[in-house]
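Trainee: What follows is a structure written as structure tokens; I'll ask about it next.
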Amino acid sequence: MSKIKPSQGAPYARIMGVGGYRPTRVVPNEVILETIDSSDEWIRSRSGIATRHWASDEETVAAMSVEASGKAIADAGITPSQIGAVIVSTVSHFKQTPAIATEIAHKIGAGKPAAFDISAGCAGFGYGLTLAKGMIVEGSAQYVLVIGVERLSDLTDLNDRATAFLFGDGAGAVIVGPSKVPAIGPTVWGSEGDKSETIKQTVAWDTFHAERPEKFPAITQEGQAVFRWAVFEMAKVAQQALDAAGIAPEDLDVFIPHQANMRIIDSMVKTLKLPEHVTVARDVETTGNTSAASIPLAMERLLATGQAKSGDTALVIGFGAGLVYAATVVTLP
């Protein structure tokens, strides 16, 4: 029997660079109130969101990704031609094929890397990061570009009082590369398919194509069920990620949860009993919920504003439609 030659990459992987792109248009709550019966005070109290960014026609999923990727590549100090794989997490690229990752790879000048899309909702960045880590250690790529990008304004029902104010657009990207020391911890991830109806698209594409309903498909969710699940169950997952990495809460420098809403973030901080010195990402206030883009966007902003620094130890956790989740501990670039 012939034996397959084993491959071996770097001993470990790390995030080397990060970049973000937020659309030019800033949308305050007052604009949302034009189509729903609510108030700025109510929106802020329920979600912590004051503004969000909405993309123009020119700010496509690909265009935003290219901008974020360019910044991440520059931050990592590599060239596009060195990228061996491009992983894009999104739910708002409306073509089933080809993957948007191939277009992005071409536009950034990456040559002929492996390129594919993944769909894991708000946990997508964590899934992509885990896949990238595996590629680096396995030896199938030296550098991997991981992108979380969304145009959720296209999937927002502006007449839905429960969700109209939640979603924003944007792209976040990181370069994952080799490391001599552990810098991306074990991933605690999973799914709870029995709750798949909790966050969903209102109409399947085949139904929309066949029946042409008046409303374009939108994202809907059972708010209270999502809140309870995120606060209680995801705090447990976050703790498992800390345990898997051998990191105690007091050893953390930064906490970057999916930017779902401020109440969930604050409740998770309380449940995890994070010390006061831990910097908590609260990008949701001005960026809204950008699903797969929220963690890299929040990471980029913390580093850019000096709230976090290179070498800090950060706990990241994403969770959303599926329901799916992924949490890990990383060293910031």
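Residue 1 is the first one shown; counting continues down the chain.
Placed from the backbone N, Cα and C atoms, the Cβ positions cover glycine too.
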Trainee: Ranges 69-73, 259-263, 274-278: which does TrEMBL label region 'ACP-binding'?
Mentor: 259-263
Trainee: Per DSSP, what is the residue tally for the domain 'Beta-ketoacyl-[acyl-carrier-protein] synthase III C-terminal' (242-331) in helix, strand and coil?
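Mentor: The breakdown for the domain 'Beta-ketoacyl-[acyl-carrier-protein] synthase III C-terminal' (242-331) reads 36 helix, 23 strand, 31 coil.
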Trainee: In whole Å, note down how far the CA of CYS122 (active site) lies from the CA of HIS258 (active site).
Mentor: 7
Trainee: To the nearest whole angstrom, what is the C-alpha distance linking ASN289 (active site) and CYS122 (active site)?
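Mentor: Checking the Cα atoms of ASN289 (active site) and CYS122 (active site) gives a distance of 9 Å.
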Trainee: For ASN289 (active site), just count the other CB atoms lying within 10 A of its CB, please.
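Mentor: There are 24 of them.
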Trainee: What are the non-local neighbours of CYS122 (active site), defined as same-chain residues 6+ apart in sequence with CB under 8 A from its CB?
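Mentor: Set apart from CYS122 (active site) by at least 6 residues yet with Cβ under 8 Å, we have HIS258, ALA260, ASN289, SER291, ALA292, SER294, GLY318, PHE319, GLY320, ALA321.
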Trainee: Can you check what DSSP calls CYS122 (active site), collapsed to helix, strand or coil?
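Mentor: DSSP assigns CYS122 (active site) to helix.
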